[in-house]
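Have a look at the structure below before the remarks.
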């Protein structure tokens, strides 16, 4: 099973990274604003998360979720290559996100089976494949397109083609139907973590519609600038991915906390920077936030509940609700504040507020009870007992 999983991990990451990182930016360039921008900027977190939550009690094969999810995403991106930016393109973009949610949920169920015993090491290994594909694709597209934004239509089409190919490759995955007995509960520790995580997603996504506004209207970036940002963050992540995974296996709560606090770096940089080069420097921190966000929180769920499928669904719903709420709140706040403040001042002020909120909520992760961490500490103390 490992070979097709590695292949689709690389291909799906390649597909999404060709187009998705630029869609919010291009939407602002194309004139999208207000609540519609809030939907666009949070779509690939909100709708995949909500879709995954609907699969909690369904008798469905993980393989089917992957195959049909990639199929839907592929068709949606092909259609997007022919549409102008606006309400219709936003709706089709949401459909692409729905397909992503289906395939991601199926993938997570299979990964739960093959990563037992070394969550951090195995999950970070697969995240490494995804990061390589993402880095190559996003940087390459950014340098090729620059400010010739009409060229992105071809990359939308390529994204669709790769997803369709990934759907075909996914037919080679071998797995059994997963049925969750209704008597198994998620557990109080995981429910608390989900509550904290949902709250963080509200403050995290608050800044998402503000970033493309700052990139277009404050720093006057083009896709070359975004490519440099991706390159810096990607290389930093590649260097630290394995180390973060090993650290997480020893002290996961601290890693979760550090990963969330570090996310305040980005809105703070966009708020205070005098030029784009200072923002480049801030993205070195992506070496910490990227690996942690890729593996730590799902890994916690795997190790702290007997009903992984249900817990992941609850986690996903919380992330989806938090994302759309925070993103829409950020958009509305900008509309309100920009009515009586210059655009640049309004964006910078709200980004600074977003950074402060991210730091404050991050401390709640330290209150989470991690059973695996306690078991590991107990085993360590027993090894030295006489």
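Glycine is treated like the rest: Cβ placed from N, Cα and C.
Unlike curated entries, TrEMBL annotations are predicted automatically.
What TrEMBL records for this protein:
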type: TRANSMEM; residues: 65-85; note: transmembrane segment
type: TRANSMEM; residues: 91-109; note: transmembrane segment
type: TRANSMEM; residues: 129-146; note: transmembrane segment
type: TRANSMEM; residues: 152-173; note: transmembrane segment
type: TRANSMEM; residues: 194-212; note: transmembrane segment
type: TRANSMEM; residues: 224-242; note: transmembrane segment
type: TRANSMEM; residues: 254-273; note: transmembrane segment
type: TRANSMEM; residues: 279-302; note: transmembrane segment
type: TRANSMEM; residues: 314-341; note: transmembrane segment
type: TRANSMEM; residues: 347-368; note: transmembrane segment
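The highest tally of CB pairs under 8 A with the transmembrane segment (91-109), across 65-85, 152-173, 224-242, 254-273, 314-341, is held by 65-85.
At the 8 Å Cβ cutoff, the transmembrane segment (279-302) and the transmembrane segment (224-242) share at least 3 close pairs (sequence separation 6 or more) and count as touching.
Taking residue pairs at least 6 apart in sequence, the transmembrane segment (194-212) and the transmembrane segment (314-341) share three or more C-beta contacts under 8 angstroms.
Packing against the transmembrane segment (152-173) from elsewhere in the chain are residues 1, 4-5, 7-8, 11-12, 14-16, 18-20, 22, 26, 62-63, 66-71, 73-82, 99, 103, 110, 141, 145: each is 6 or more residues past its ends and has a CB under 8 Å from a CB in it. The stretch from 65-85, 254-273, 347-368 with the most CB pairs below 8 A to the transmembrane segment (194-212) is 347-368.
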